[in-house]
Amino acid sequence: MLKVVLLMMIMMLASQSEAQLNRDFYKESCPSLFLVVRRVVKRAVAREPRMGASLLRLFFHDCFVNGCDGSLLLDDTPSFLGEKTSGPSNNSVRGFEVIDKIKFKVEKMCPGIVSCADILAITARDSVLLLGGPGWSVKLGRRDSTTANFAAANSGVIPPPITTLSNLINRFKAQGLSTRDMVALSGAHTIGRAQCVTFRNRIYNASNIDTSFAISKRRNCPATSGSGDNKKANLDVRSPDRFDHGFYKQLLSKKGLLTSDQVLFNNGPTDSLVIAYSHNLNAFYRDFARAMIKMGDISPLTGSNGQIRQNCRRPN
């Protein structure tokens, strides 16, 4: 009985936090916010299309560790270790300088008003749009955490690139996201790149991989650990800089670069979703947008909780 009561209390608190988020949160206090963010992101993505994937990844990593609170952006301080150097994020997340540039411009225009957590949410949406993907209404009103959680970032809440389908399902379920949400959000791998160290085991040892695909990837990813670890390969071979459904088509051909990608189509319960998204771009776009909105609702700080950081890299 106690467990049921506690669960109901958690659900009530979550729904209250979500209710405080809305698209028009800055309509009066910072009306040009969306325009300023879009301009900076557009310039960054035009200069380097891969940056769109990086900015989207920042939002995912932030939300999965203690909620969408901007904690990922914090540098180390004497009192805590930041999340940037945690296992899942070290040498993986990037784009912080783009967020810094947006924050600088927004602070000049609307000082002390817009949170870094909300800037992450908007940049994720704009990055997808600028690379040809779907748009969605970004709910705003998050506040920033005053600390980071290095231990939580290393606790497995962010699934590793070598993982099982059941672990993926469970990790997303723990965040309030369904299996459908997980498969749709995995479609973000239709853009971006991965380092050799994350897919070496798959291209040399996996059985559920297209042989010619594996051989082609081995040319730039030596079998020896420590050799060429940081060399990169596109997650989507055909259209790496366009947000489409090519990722799912690759899975049907056993050409998923990461183990955590190919497990989505490997004679399991998510096969039907992969097939559906590979055939229907609009269905993928619809479910991806819905899942992004749900992900943005993960444990936000609202009301008087947290703060509005003046600099995204450090607490006030």
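Note: Cβ is positioned from N, Cα and C throughout, glycine not excepted.
As written in Swiss-Prot, here are the features:
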| type | residues | note |
| --- | --- | --- |
| ACT_SITE | H61 | active site, proton acceptor |
| BINDING | D62, V65, G67, D69, S71 | Ca(2+) 1 binding site |
| BINDING | H189 | heme b binding site |
| BINDING | T190, D236, S239, D244 | Ca(2+) 2 binding site |
| DISULFID | C30-C110 | disulfide bond |
| DISULFID | C63-C68 | disulfide bond |
| DISULFID | C116-C312 | disulfide bond |
| DISULFID | C196-C221 | disulfide bond |
| CARBOHYD | N205 | N-linked glycosylation site |
| MOD_RES | Q20 | pyrrolidone carboxylic acid |
| SIGNAL | 1-19 | signal peptide |
| SITE | R57 | site 'Transition state stabilizer' |
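Compute the center of the Cβ atoms of T190, D236, S239, D244, which mark the site for Ca(2+) 2; besides them, the chain residues with Cβ within 8 Å of that center are I191, R238, P240, R242, F243, H245, G246, F247. Each of the binding-site residues D62, D69, D236, D244 was scored by the other Cβ atoms within 10 Å of its Cβ; the lowest score goes to D244. Non-local neighbourhood of C30 (disulfide bond): V106, M109, C110, I113, V114, each in the same chain, at least six residues away, with C-beta under 8 Å from its C-beta. A coil conformation is recorded for D236 (Ca(2+) 2 binding site) in the three-state DSSP classification, outside any helix or strand. On the backbone, the CA of C116 (disulfide bond) and the CA of S71 (Ca(2+) 1 binding site) stand 9 Å apart. Within 10 Å of D69 (Ca(2+) 1 binding site), as judged by C-alpha distances, the recorded positions found are C63; the full candidate list was Q20, R57, H61, C63, H189, C221. By the criterion of other Cβ atoms within 10 Å of the residue's own Cβ, the least surrounded of the recorded positions Q20, T190 is Q20. The residues near the Ca(2+) 1 site, meaning same-chain residues not in D62, V65, G67, D69, S71 whose C-beta sits within 8 angstroms of the mean position of the site's C-beta atoms, are C63, F64, N66, C68, G70, L72, E83, A117, S145, N149, S299, in sequence order. Between the CA atoms of T190 (Ca(2+) 2 binding site) and C221 (disulfide bond) there is a gap of 20 Å, rounded to the nearest whole number. Cα of R57 (site 'Transition state stabilizer') to Cα of the residue listed as 'heme b binding site': a distance of 10 Å. For the recorded positions V65, C221, counting C-beta atoms within 10 A of each C-beta gives the highest total at V65. The sparsest Cβ neighbourhood within 10 Å, among the listed disulfide-bonded residues (C63, C196, C312), is found at C196. The secondary structure of G67 (Ca(2+) 1 binding site), as reduced to three states from DSSP, is coil rather than helix or strand.
Under the three-state DSSP scheme, D244 (Ca(2+) 2 binding site) falls in the coil class.
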